[in-house]
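Peer 1: Structure provided below as structure tokens; questions to follow.
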Amino acid sequence: MWVRQVPWSFTWAVLQLSWQSGWLLEVPNGPWRSLTFYPAWLTVSEGANATFTCSLSNWSEDLMLNWNRLSPSNQTEKQAAFCNGLSQPVQDARFQIIQLPNRHDFHMNILDTRRNDSGIYLCGAISLHPKAKIEESPGAELVVTERILETSTRYPSPSPKPEGRFQGMVIGIMSALVGIPVLLLLAWALAVFCSTSMSEARGAGSKDDTLKEEPSAAPVPSVAYEELDFQGREKTPELPTACVHTEYATIVFTEGLGASAMGRRGSADGLQGPRPPRHEDGHCSWPL
């Protein structure tokens, strides 16, 4: 009932004020009321990447996002811009703006930072419709320190070159310790084999030479046995001769004659009396 009693003139006045001040229409489209840029302090080493985040409560395609840097004279220098869904570096391609999937946050990256990148950075939003308006976030400072060399305090490990040299030295020593005995063993086996082969060859050669030289070195005397004449005659069997029958006559003398005769016979045949018959005379009987 009370609403019906509100005069239309008052309602119209409120709408006009809201339109002029942007309380109802321009505020939803104005991102600068919730524009943030963090972290407020960022320290990185030279060569690393630095990342800031710019957040907007409401984003529309009519807005343009700028990434600025304050100069020593407190003037803003544009580094990159994001418009129509694209990152547009101004001078240095190391400055990039990436829109996150939630479409309200933007990562502003500096790749491969340098010492002269240190300074104060901020982001700014520009609204072109219905009126051109610019709003900037508070500044955040970036400090780029000297390049940090990798040390072995946290993860102690020898440098690659000494390690490689040490490993090479160990491998060389082990190879020498293993290779030298193997070479000596092979040399010894080869020497034994060669000496055995040479001795066998010499033994076989000496045997062959002995067999070849034996007929001439120790000749066997050969004697030609010839039969002598007298040996031939002795060996020739004589045929038994025919027995010659000899007749003897006995002469009887007187005593004187007999004595002389006997004396003569004795002188002829000896003192032993008449000679007995010999075997060579055959089977001759004494003469009658």
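Just so you know, glycine gets a Cβ as well, placed from its N, Cα and C.
Sequence annotations record features per position, and here Swiss-Prot assigns compositional bias 'Basic and acidic residues' to 277-288. Marked as ubiquitin cross-link by Swiss-Prot: Lys235. Marked as disulfide bond by Swiss-Prot on the basis of experimental evidence: Cys54-Cys123. The feature N-linked glycosylation site is assigned by Swiss-Prot to Asn49, Asn58, Asn74, Asn116. Summarising the annotation, Swiss-Prot assigns phosphotyrosine to Tyr225, Tyr248. The phosphothreonine annotation in Swiss-Prot covers Thr236. Per Swiss-Prot, the feature region 'Interaction with CD274/PDCD1L1' maps to 70-77. According to Swiss-Prot, the feature region 'Disordered' maps to 263-288. Residues or ranges marked as transmembrane segment in Swiss-Prot (evidence: sequence analysis): 170-190.
Thinking about packing and proximity, how do these listed features fit into the structure?
Peer 2: Non-local neighbourhood of Cys123 (disulfide bond): Leu35, Phe37, Phe52, Cys54, Leu65, Asn66, Trp67, Asn68, Phe106, Met108, Glu136, Ser137, each in the same chain, at least six residues away, with C-beta under 8 Å from its C-beta.
The Cβ of Asn49 (N-linked glycosylation site) lies under 8 Å from the Cβ of Asn109, Ile110, Leu111, Asp112, Thr113, each of these being in the same chain and 6 or more residues away along the sequence. According to DSSP, Asn49 (N-linked glycosylation site) is assigned to coil rather than to any helix or strand.
Its Cβ taken as reference, Asn58 (N-linked glycosylation site) is surrounded by 14 other Cβ atoms within 10 Å in the chains shown. In the three-state DSSP scheme, Asn58 (N-linked glycosylation site) falls into the coil class.
Taking a C-beta cut-off of under 8 Å and a sequence gap of six or more, Asn74 (N-linked glycosylation site) has no contacts in its own chain. Asn74 (N-linked glycosylation site) falls within neither a helix nor a strand when secondary structure is assigned with DSSP, and so counts as coil.
Around the Cβ of Asn116 (N-linked glycosylation site), 7 further Cβ atoms fall within 10 Å across all displayed protein chains. Under the DSSP three-state reduction, Asn116 (N-linked glycosylation site) is assigned to helix.
Within the chain carrying the transmembrane segment (170-190), a Cβ under 8 angstroms from the stretch's Cβ atoms is held by none of the residues 6 or more beyond its ends.
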Peer 1: Between the Cα atoms of Asn116 (N-linked glycosylation site) and Asn58 (N-linked glycosylation site), what distance do you get, rounded to the nearest Å?
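Peer 2: Checking the Cα atoms of Asn116 (N-linked glycosylation site) and Asn58 (N-linked glycosylation site) gives a distance of 34 Å.
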Peer 1: Do any residues of this chain, six or more beyond the ends of the region 'Interaction with CD274/PDCD1L1' (70-77), have a C-beta under 8 angstroms from a C-beta of it, and if so which?
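Peer 2: That would be 119-122, 124, 136, 139.
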Peer 1: Which state, by DSSP, holds Cys123 (disulfide bond): helix, strand or coil?
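Peer 2: It is in a strand.
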